[in-house]
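Annotated features in Swiss-Prot:
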- 61-68, 88-92, 106-109, 173-176, 207-209: GTP binding site (BINDING)
- 68, 90: Mg(2+) binding site (BINDING)
- 53-228: domain 'EngB-type G' (DOMAIN)
């Protein structure tokens, strides 16, 4: 195991929305996410994707919301998932294999304005096809910038997930960039906004990949979904 993959053993820092996990569950998740992880492939067509033989969790969100940083933070690597220098330029669904047991899936960002409408529609259609066609998809984590909360384009994405009947959970990113009271407020507002959405998991988790906030709980949530169930 490389030094980069070794996750430091440290007590979890809880933020609003954190689940009630035991210390043993948090530690087991830390160990699981310290196992080897690698980029498998980027797919631009459904027939080019890996087989549906392993559980998957996917990450969605507006361009520049911090998807790459979150994925890298989960596995404690800096450059596994690479962010595009220009918003909206990631046009593939990227698959990463963790511990030979779970796939982490990075979906193309939405809500960008620097690509043509036809190109935007093409890879948003790819994302929708993935959501409808993956029986092994355990959950979609929809990332929302804690500084801005839910935007219209986010609500449209949630509508699509509801229609597809795909289980999803809101994860607030960059929670370290605002005051704790503001984090509490945006968590409460977001939970209220999704309360009547059938496919939404009711708990909103606040995180910061830069500070490690909420990451132990998110790891434990993924392990519970993909390994324990």
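Yeah, the Cβs are placed from backbone N, Cα and C, and that goes for glycine too.
Since the structure is predicted, the reported quantities are computational estimates derived from the model, not experimental observations.
The Cβ neighbour count for residue 64 (GTP binding site), using a 10 Å radius over every protein chain in view, is 16. Of all the binding-site residues listed here (68, 207), it is 68 whose C-beta has the fewest other C-beta atoms within 10 angstroms.
Residue 67 (GTP binding site) carries a helical DSSP state (H, G or I). Looking just at the domain 'EngB-type G' (53-228), the mean pLDDT is 86. Residue 92 (GTP binding site) and residue 68 (Mg(2+) binding site) have their C-alpha atoms 13 Å apart, to the nearest angstrom. According to DSSP, residue 207 (GTP binding site) is assigned to coil rather than to any helix or strand. Around residue 108 (GTP binding site), taking its Cβ as the centre, 24 other Cβ atoms fall within 10 Å, counting all chains. Residue 92 (GTP binding site) counts 16 other C-beta atoms within 10 Å of its own C-beta, drawing on all protein chains shown. According to DSSP, residue 174 (GTP binding site) sits in a coil region rather than a helix or strand.
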